[in-house]
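See below for the structure under consideration.
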Amino acid sequence: MSNTTSLRLPNGEWLLTRVAYTSKEHSGVTFLLVVSSLSLVAVVGLLSVISLSAFNTRSYKKEEHLFVRTHVGAYFISLLCCDLIQAIGSLYNGRWVNSGAVLLDNYCTAQGVFKQIADVGSALWTIIIAVHTFYLLVLERRTNQFTLVATLIAGWSGIFAIVISGPAVLDTVDRGPFFGISGYWCWISDGYDVPRITLDYLIMFVALFSCLVLHGLIHLRLRGYMSMKGWRMTFYKQKQERPVDRHFEDKGETIARQMLLFPLAYSITLLPIAVSRFAAWNGHLVSFEETVFCETVYLLSGCVNVTLFCTCRQILPPQSVVLLKRSISKPKPIERVEAPSNVSPESDPYYASSITTTVVGYGFDKSSQEGHDMDLEKGTTNTMSVAMSESSSGVSIPYEHTVAPLQIRKSVRQNRPPSVIIPSHDLDDVYDMYSAGQPDVGSAGFNDVNLDSSGHSGPHTSHR
């Protein structure tokens with residue numbers, strides 16, 4: 001690092017006010033800017049999809065196992081918000097890239113605040129997800145709604161309390177501002193080495209260690225090498241059959257198993273920074289390339305979380321993430337189909353008794369004909385408007401009333417009597433293979449034969 005400008009503090013220390021980039025440093029910080037942009041786009045996209053799913057499933061209030069209504073879903077959204085804040089904080093590097101140097105100003109303070117919120121928040125919510133997963137899978141207990149609300153309030157309050165406590169309590173004139181230039185960007189100033197550890201690094205390392213321990217215990221429990229009786233753990237050398245608790249919900253367990261990947265991903269992305277920090281504290285000089293590598297892996301945590309979420313199966317209902325819903329068929333008014341004037345009900349009962357009944361879904365009972373539909377997810381019957389007519393095309397079901405996009409709609413029609421009208425144009429191409437000509441049908445040819453409903457014959461012109 002070259003071409004720095006410093007200000008002497010009352011305690012004799014030097015405060016950096018400007019740090020110019022070299023060509024290599026400029027390229028490295030630009031690369032970090034690109035990585036931050038990727039994480040920002042990925043996180044914003046996933047948050048938008050989750051919001052859309054929550055909006056489309058807002059009527060399913062009793063479905064506790066929808067991801068957007070689970071406790072771990074709320075904690076994961078909080079983790080994504082911290083990833084978003086981290087990406088925004090790193091995007092402030094664009095100002096330093098444009099100016100070619102890091103400057104001590106209000107933007108520098110804002111970047112320091114964003115970075116600490118992201119560091120503390122990601123660590124805290126990762127611990128909460130790991131503890132919640134341990135509580136659900138190992139202890140096989142469920143938390144109530146009060147626990148969810150209390151955890152969300154306590155979690156975000158704790159994050160802001162930690163971030164505010166630094167400049168509010170420790171900021172002094174002798175040591176300069178709490179947030180300032182730190183290396184190649186802005187963070188906690190160099191004059192606050194102890195607060196860097198206690199208010200940032202320590203929380204991250206505790207989260208790393210806790211996630212590894214809890215992940216190991218959960219893995220042993222799911223594999224059958226550990227059992228829990230109350231709060232007492234028992235370990236086995238051989239795999240044991242895990243008893244199934246009838247009160248334990250399979251869907252909640254599935255979501256919790258999938259959420260188990262996120263604390264593990266956090267541990268992996270944080271590990272390079274932990275190694276470099278411990279090496280620096282032991283007197284090893286960390287190069288710029290090593291710093292960029294560690295920061296790149298850490299900034300990719302947002303992309304990693306989004307990728308893991310997308311690879312998890314059936315977390316969000318597929319039909320809940322459709323932006324624009326189109327109806328299966330447009331509503332049609334009830335129309336009465338009149339029988340042809342030349343055919344009476346007595347001569348052709350088809351026009352008098354034929355009626356079409358639409359069966360929705362997988363063979364529902366009479367409730368489907370009375371204006372009800374069966375919700376396969378909730379297991380309840382909801383009232384809806386079903387238009388039925390004597391025409392097979394007169395049935396209309398709005399899309400929002402369907403249970404799934406691949407529902408089967410089939411029509412059941414009463415047996416139709418054999419038609420008394422013989423289409424003469426189908427007989428034109430019939431030839432007797434054993435004779436040289438057409439079969440003899442009285443004195444008339446095929447094109448002259450027609451039977452009406454009363455059985456009388458008459459001239460008829462075929463339509464080609």
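Cβ atoms are placed via backbone N, Cα and C, with glycine included.
Automatic, uncurated: that is what TrEMBL annotation is.
Listed in TrEMBL:
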COMPBIAS  450-464  compositional bias 'Polar residues'
REGION    433-464  region 'Disordered'
TRANSMEM  31-54  transmembrane segment
TRANSMEM  66-88  transmembrane segment
TRANSMEM  122-139  transmembrane segment
TRANSMEM  146-170  transmembrane segment
TRANSMEM  201-222  transmembrane segment
TRANSMEM  260-281  transmembrane segment
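A Cβ distance under 8 Å defines the sequence-distant neighbours of the transmembrane segment (201-222), meaning residues of its chain 6+ beyond its ends; these are 119-120, 122-124, 126-127, 130-131, 133-134, 137-138, 162, 228, 233, 235, 242, 257, 260, 263-264, 266-267, 270-271, 273-274, 277. Remark: the transmembrane segment (146-170) contacts the transmembrane segment (122-139), by the rule of 3 or more CB pairs under 8 A. Counting residues 6+ beyond its ends, the transmembrane segment (260-281) has Cβ neighbours under 8 Å at 76, 79, 122-123, 126-127, 129-130, 133, 137, 201, 204-205, 207-208, 211-212, 214-215, 218, 290-291, 293-295, 297-298, 300-301, 304-305, 308, 312 in the same chain.
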